[in-house]
Amino acid sequence: MARGLRLLSRAAARLRPLLPLQGPTARGFSASAPEPLHVCVVGSGPAGFYTADRMLKGHEGAQVDIIDRLPTPFGLVRSGVAPDHPETKIVVNQFSRVAANGRCSFFGNVTLGRDVSLSELCKTYHAVVLAYGAESDRSLGVPGEDLKGIHSAREFVWWYNGHPDMRDLSPDLKNTESAVVLGQGNVALDVARILLRCKTELATTDITDYALDALRGSTIRKVYLVGRRGPVQAACTAKELREILGLKNVRVCINEADLVTSPADEEEMRNSRIQRRVYELLSKAASTHKDSNYNDQKELHFVFFRKPTKFIPSENGSTVGAVQLEKTALKADEVTGKQVAVGTGEFEDLKCGLVLKSIGYKSLPIEGLAFDKKRGVVPNLRGRVLSSESETGTVETGLYVVGWLKRGPTGIVATNLHCAEETVASILEDDKKGVLRPPSVSKKHGRMGLLEILEQKNVRFVPFSGWEKIDSKEKMAGQLRNKPREKITTWDEFQKAANE
């Protein structure tokens with residue numbers, strides 16, 4: 001441990017020193033607890049920070065370390081929330097206060113599996129919480145999906161938000177006037193809105209400079225939002241829909257025949273205020289825009305009751321030129337009773353030069369850990385990781401999960417708060433029972449042990465103070481352009497800014 005103490009001292013300039021534990025121990029915990037409760041949270045998005053916050057508030061003896069593969073914290077708040085939604089990003093102020101707690105530290109640029117293994121974390125911490133979200137995409141599994149010009153909505157969002165993994169995506173926005181977005185959820189509306197919104201308005205947001213330049217040169221005039229089911233089942237929220245319907249100089253096109261509802265649709269709307277409000281907004285937009293037709297307007301088309309069956313190449317053979325769509329009809333599922341889309345055998349082609357698939361994010365499994373591939377989650381019981389997908393799976397002691405990895409890619413930023421509270425409650429309950437810190441188990445070293453692992457592997461991690469330097473540099477660059485910030489988007493630039 002002498003080596004570990006030297007390492008901790010050496011890192012003091014980069015990490016805030018641990019605050020001494022003062023006052024009585026946390027309510028409901030033994031006063032004879034031999035050591036702090038060392039907790040590691042893998043992932044610094046909303047789920048990760050809400051978990052850290054609730055952990056620090058719920059246990060006065062907890063010391064929490066947050067690791068993330070990116071040098072920047074906040075996950076999808078930084079790389080997923082649309083640049084024209086600054087109000088949603090205010091939550092980073094709360095997360096920054098969590099990081100400022102002396103019992104919490106951030107380790108950016110640390111990748112689970114490459115820089116530190118799950119088994120190493122479990123040996124070092126009493127509790128490890130997996131909160132790394134969903135960094136992949138669901139596949140349609142239809143012919144032509146690998147053609148150029150077809151991207152996932154996640155990739156496109158990461159591109160315009162400056163995620164270093166997608167900085168070089170370079171979607172072709174100049175050689176087509178039509179883009180197809182598959183899906184009608186909030187992410188689908190985000191990417192459609194970014195394609196159609198006035199670029200002067202986008203120029204005052206934190207959108208990346210290279211994305212703004214590409215959008216200014218875009219020739220796209222028509223965006224088609226394609227959904228398998230009808231307007232009653234559209235997966236977006238009323239707030240997001242109202243915003244895109246109100247875009248300047250954009251004509252909204254909706255086939256009025258698609259707005260005809262069935263008794264089953266009416267029943268759905270009686271049971272869901274959100275669905276009813278979304279349907280009402282679409283109906284109003286259809287009648288409002290029906291007679292407007294100006295040559296300089298862009299167009300937003302809502303296409304209902306269609307599912308993609310094939311991507312058709314353009315004349316050059318390597319780039320998408322159209323999407324083959326099959327008309328669908330709604331049928332009650334025999335098991336759930338919910339209305340599902342079934343093909344009718346009628347097909348049509350929709351010409352386009354860009355396709356963005358917004359059909360769902362997908363979490364990635366970790367080696368040695370059970371994973372439900374169908375749902376894209378780690379099997380768990382109120383956040384406690386299970387050894388298998390079956391109901392009889394045993395609990396993996398000290399291993400927990402939260403956020404999209406726990407429940408699937410659903411909900412908004414605030415949804416993660418309740419999710420984190422449930423997982424933290426399980427951790428506190430297990431610790432109170434003596435499961436996490438039994439007297440018979442040797443002492444775990446937490447932060448000190450992690451520092452030693454990273455030192456041995458020569459990992460150049462970025463502490464929260466390094467992020468604050470990145471943050472300051474981005475904001476200063478943004479001031480020169482009347483923007484909130486000008487994002488740094490390359491790994492080398494991040495390291496350079498963090499070390500200045």
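Every residue gets a Cβ built from N, Cα and C, even glycine.
The annotation domain 'FAD/NAD(P)-binding' is assigned in TrEMBL to 38-209. The FAD binding site feature in TrEMBL is assigned to ALA47, LEU76, LEU112, TRP404. For GLN184, GLY185, ASN186, VAL187, ARG228, ARG229, GLU240, GLY411, the entry in TrEMBL reads NADP(+) binding site.
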CB contacts for LEU76 (FAD binding site) [other CB atoms within 10 A, all chains]: 23
Residue among the binding-site residues ALA47, LEU112, VAL187 whose Cβ has the most other Cβ atoms within 10 Å: ALA47
Nearest of the binding-site residues (ALA47, LEU76, LEU112, TRP404) to ARG229 (NADP(+) binding site) - Cα to Cα: TRP404
Which same-chain residues, if any, lie at least 6 apart from TRP404 (FAD binding site) yet have Cβ under 8 Å of it: ALA47, GLY133, ALA134, TYR361, SER363, VAL377, THR410
Set of same-chain residues at least 6 away whose C-beta sits under 8 angstroms from GLY411 (NADP(+) binding site): CYS419
Which of GLN184, ASN186, the listed binding-site residues, has fewest other Cβ atoms within 10 Å: ASN186
Cβ neighbours within the same chain of ARG228 (NADP(+) binding site) - under 8 Å, at least six residues apart: PHE305, ARG306, LYS307, THR328, ALA341
Distance in Å spanning the most remote Cα pair of GLN184, GLY185, ASN186, VAL187, ARG228, ARG229, GLU240, GLY411, given for NADP(+): 20
Longest CA-CA distance among ALA47, LEU76, LEU112, TRP404, per record bound to FAD, angstrom: 18
Number of Cβ atoms other than its own within 10 Å, given for GLU240 (NADP(+) binding site): 19
In the chain carrying GLY185 (NADP(+) binding site), residues 6 or more apart in sequence that have Cβ under 8 angstroms from it: ALA235, CYS236, SER358
Residue from GLN184, ASN186, VAL187, GLU240 whose C-alpha is spatially nearest that of LEU112 (FAD binding site), among the binding-site residues: VAL187
